[in-house]
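Visitor: Have a look at the structure that comes next, please.
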């Protein structure tokens, strides 16, 4: 993997470690001192007795995919810390404050962000999230006891914090809840299968795969209403209220990624595309007038596959970065 990859591309290493079920501590060394750099300490599928709560300490930069109770205690001034939480696609994340001992007046802070934010890029993007950017932040120093439990709108959330005084810190409990209609999702793994359904809702949903991938769309239903399929224009997807687009790029925010393909006609069959970008996003735009559904599967693209040029693939974008 080329060393020229920037901070966003380190997600690839992070999720490779997660997919192997290993506990890793990966530091992003090219992050600036004023950036909330990212690394991984992943605890996957622990065999805990019924009723037992998993507990461990948090590092300044951490990543978690498990439920449990987590405590951070500063051993020195910690000025740029963040913990990234991720669940399965059909899960929402609840963060509960159990104990907080920070000096808000002295410049400490403890904030929850509904989604992930990294180097100024957000997931979900501002275009795809039901809340405004300011509403997605919950600052403990401003809300205090008013809001001690925060639930995410998708399968990812994060906290970032600054603590000056050694010995100060906080404890949070992380719980997961079922999301019947997952919308915005970051995949934990480089391969999988997923069906996205938007039932009569005016919203946009993005499924983000932070790998170069082969993606195969096997079923797409757009404009389905009362058992009828509405006829679409043959002039492309411009002006069509319901469609699916494939995006590629090196960052986190889908709204800043390059559009690779648009699909605005329902079909049953197979449409396969190879996308060599660091991040691949399948995004469904829904007018709210219909029940829209797309089923797709994906697996990580390897070097051998990039050399096998086939007609039904996106080849001209991103491949130099592999």
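In case you wondered, yes, glycine gets a Cβ from its N, Cα and C as well.
Pulled the feature table from TrEMBL, pasting it below:
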type: SIGNAL; residues: 1-21; note: signal peptide
type: DOMAIN; residues: 52-177; note: domain 'Corticotropin-releasing factor binding protein N-terminal'
type: DISULFID; residues: 60-81; note: disulfide bond
type: DISULFID; residues: 104-141; note: disulfide bond
type: DISULFID; residues: 183-205; note: disulfide bond
type: DOMAIN; residues: 185-306; note: domain 'Corticotropin-releasing factor binding protein C-terminal'
type: DISULFID; residues: 237-264; note: disulfide bond
type: DISULFID; residues: 277-318; note: disulfide bond
Visitor: How far is it from residue 318 (disulfide bond) to residue 205 (disulfide bond), counting Cα to Cα, in Å?
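Guide: The Cα atom of residue 318 (disulfide bond) is 23 Å away from the Cα atom of residue 205 (disulfide bond).
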Visitor: Can you tell me the CA-to-CA distance separating residue 277 (disulfide bond) and residue 205 (disulfide bond), as a whole number of Å?
Guide: 20
Visitor: Please identify, from the disulfide-bonded residues 104, 205, the residue with the sparsest Cβ neighbourhood, meaning fewest other Cβ atoms within 10 angstroms.
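Guide: Relative to the other disulfide-bonded residues in 104, 205, 104 has the fewest Cβ atoms within 10 Å.
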Visitor: Taking the disulfide-bonded residues one at a time (81, 264, 277), which has its Cβ surrounded by the most other Cβ atoms within 10 Å?
Guide: 277
Visitor: Go through 141, 237, our disulfide-bonded residues, and report the one whose Cβ sees the most other Cβ atoms within 10 Å.
Guide: 237
Visitor: Under 8 Å Cβ to Cβ from residue 183 (disulfide bond), same chain, six or more residues apart: give me those in sequence order, or none if nothing qualifies.
Guide: 124, 128, 153, 154, 196, 198, 203, 205
Visitor: Summarise the domain 'Corticotropin-releasing factor binding protein C-terminal' (185-306) as counts of helix, strand and coil residues per DSSP.
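Guide: Counting residues per DSSP class in the domain 'Corticotropin-releasing factor binding protein C-terminal' (185-306), I get 7 helix, 70 strand, 45 coil.
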Visitor: Tell me, how many other CB atoms lie within 10 A of the CB of residue 60 (disulfide bond), whichever protein chain they belong to?
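Guide: If we count other Cβ atoms within 10 Å of residue 60 (disulfide bond), we arrive at 19.
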Visitor: Between residue 104 (disulfide bond) and residue 264 (disulfide bond), what is the CA-CA distance rounded to a whole number of Å?
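Guide: Between the alpha carbons of residue 104 (disulfide bond) and residue 264 (disulfide bond) there are 50 Å.
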Visitor: Express the distance between the Cα positions of residue 264 (disulfide bond) and residue 60 (disulfide bond) as a whole number of Å.
Guide: 45
Visitor: Distance check, please: Cα of residue 81 (disulfide bond) against Cα of residue 141 (disulfide bond), rounded to an integer number of angstrom.
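Guide: So the Cα of residue 141 (disulfide bond) lies 16 Å away from that of residue 81 (disulfide bond).
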Visitor: Counting across all protein chains shown, how many other Cβ atoms sit within 10 Å of the Cβ of residue 318 (disulfide bond)?
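Guide: Taking every protein chain into account, the count is 22.
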